[in-house]
Amino acid sequence: MREITLVSIRSFIQLGNWWSDINHSPVWQDRISHTLAVMYAFIAIATLIQLIRIECRVPESGWTTQKVFNFFNFLVYGTRSILFVCWRNVQDMTPDVLKHVVLELPGLAFFTTYSLLVLFWAEIYYQACADSSQANRLQPTFYTINVVIYGIQVFLWYFLWFDPVNIVLVISKVFFAGVSLFGAFGFLLYGGRLFLMLKHLPTESIGRHNKMKEVGWVATICSSSFIIRSIMMCFNAFSADAALDVSYHPILNLFYYLLVEIIPATVVQFILRKLPRRRVLAEYHPIIH
């Protein structure tokens with residue numbers, strides 16, 4: 001029994017050494033950052049291809065929510081890919097506030113991108129409820145919320161540049177945790193409302209069940225990713241052992257970005273891969289009746 005205990009202790013110590021060795025190995029730091037860069041590049045290319053497919057299918061529809069969503073995804077993930085390719089240069093940026101801006105701005109853009117889905121669901125919900133007054137206020141509210149969030153974050157960056165004390169950095173991280181939690185709340189609120197509305201529709205159809213599954217899965221995945229991000233940002237704010245976006249925590253960075261961006265984005269893109277229907281021109285008449 002004593003020998004088994006000693007073996008377990010040695011195994012635990014070796015595991016801790018393995019974790020520490022990778023974290024402090026420049027080779028592994030580069031490998032993990034380049035792996036993340038490849039993953040983000042793959043998603044960026046996939047979203048660009050999807051955007052092109054949608055444009056070819058319905059070129060006359062203009063910039064729909066689906067097109068804007070894919071375009072923003074391409075920008076966010078393309079930027080992330082470039083940042084991880086240039087990871088060493090990003091870590092050496094001076095002043096420090098510039099590094100924080102470069103690393104945190106894609107996270108804010110991610111929030112804006114996925115809040116477009118919440119806006120889209122809210123519009124569908126209020127239109128189905130014949131509540132035009134609420135539906136008309138959705139887009140101004142969406143813009144106002146995003147302007148306020150970006151304004152507060154710019155204000156915090158300015159203070160961090162003017163007086164780079166730790167308390168400002170903590171407030172900035174806690175603020176972003178709150179933004180992420182707000183995003184999760186939006187998905188749960190309007191995803192849940194739309195799901196229940198579809199569930200209680202009197203008409204039974206395959207399309208309705210497919211749309212219910214789509215809304216349910218996307219709401220669950222996106223709300224979970226935002227909640228995980230919020231929790232991780234809180235740990236990041238108050239614990240040096242949970243520091244993110246630093247070169248000496250490559251494994252933590254890998255799992256963090258996999259859970260909050262890469263896996264959710266991949267699954268959501270797969271679920272929303274269906275192209276819109278082609279529009280039939282009103283003046284078209286079939287030759288054969």
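From the backbone N, Cα and C atoms, a Cβ is placed for every residue, glycine too.
For 16-287, the entry in TrEMBL reads domain 'THH1/TOM1/TOM3'.
Proximity of distant same-chain residues to the transmembrane segment (37-56), defined by a Cβ-Cβ separation under 8 Å and at least 6 residues beyond the stretch ends, is recorded for 64, 66-67, 70-71, 73-74, 77-78, 80-82, 84-85, 87, 262, 265-266, 269, 273, 275-276. If you look up TrEMBL, you'll see 37-56 (among others) marked as transmembrane segment.
Residues 29-30, 33-34, 36-38, 40-41, 43-44, 47-48, 50-51, 54, 99, 102-103, 106, 109-110, 112-113, 116-117, 120, 247, 257, 261, 265, 269 of the same chain, all 6+ positions outside the transmembrane segment (68-90), place their C-beta atoms under 8 angstroms from a C-beta of that stretch. Marked as transmembrane segment by TrEMBL: 68-90 (among others).
Sequence annotations record features per position, and here TrEMBL assigns transmembrane segment to 102-122 (among others).
Annotation source TrEMBL lists transmembrane segment at 143-162 (among others).
Among the features that TrEMBL reports, transmembrane segment is placed at 174-196 (among others).
If you look up TrEMBL, you'll see 217-239 (among others) marked as transmembrane segment. Nonlocal intrachain contacts for the transmembrane segment (217-239), taken as residues 6+ away from its ends with a CB within less than 8 angstroms of a stretch CB, comprise 107, 111, 114, 117, 169-170, 173-174, 176-178, 180-181, 183-185, 187-188, 191-192, 195, 256, 259-261, 263-264, 267-268, 271-272.
TrEMBL lists 251-272 (among others) with the feature transmembrane segment. Tertiary neighbourhood of the transmembrane segment (251-272): same-chain residues 19, 22-23, 32-33, 35-36, 39-40, 43, 46-47, 50, 66, 73, 77, 80, 110, 214, 217-218, 221-222, 224-226, 228-229, 232, 242-245, selected by CB-CB distance under 8 Å and a gap of 6+ residues from either end.
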Which sequence-distant residues neighbour the transmembrane segment (143-162)? Criterion: at least 6 residues beyond either end, Cβ under 8 Å. 95-97, 100-101, 104, 108, 111-112, 115, 168-169, 171-172, 175-176, 179
Suppose you look only at the domain 'THH1/TOM1/TOM3' (16-287); what would the mean pLDDT be? 88
Same chain, outside the transmembrane segment (102-122) by at least 6, Cβ under 8 Å from its Cβ: which residues? 65, 68-69, 72-73, 75-76, 79-80, 83, 90, 93, 138-139, 142, 145-146, 149-150, 153, 172, 176, 179-180, 183, 186-187, 190-191, 193-194, 215, 218, 222, 226, 229, 245, 261
Restricting to the same chain and to residues at least six past its boundaries, which positions have a Cβ under 8 Å from a Cβ of the transmembrane segment (174-196)? 104, 107-108, 111, 114-115, 117-118, 121-122, 124-125, 149, 152-153, 156, 212, 215-216, 218-220, 222-224, 226-227, 229-231, 233-234, 237
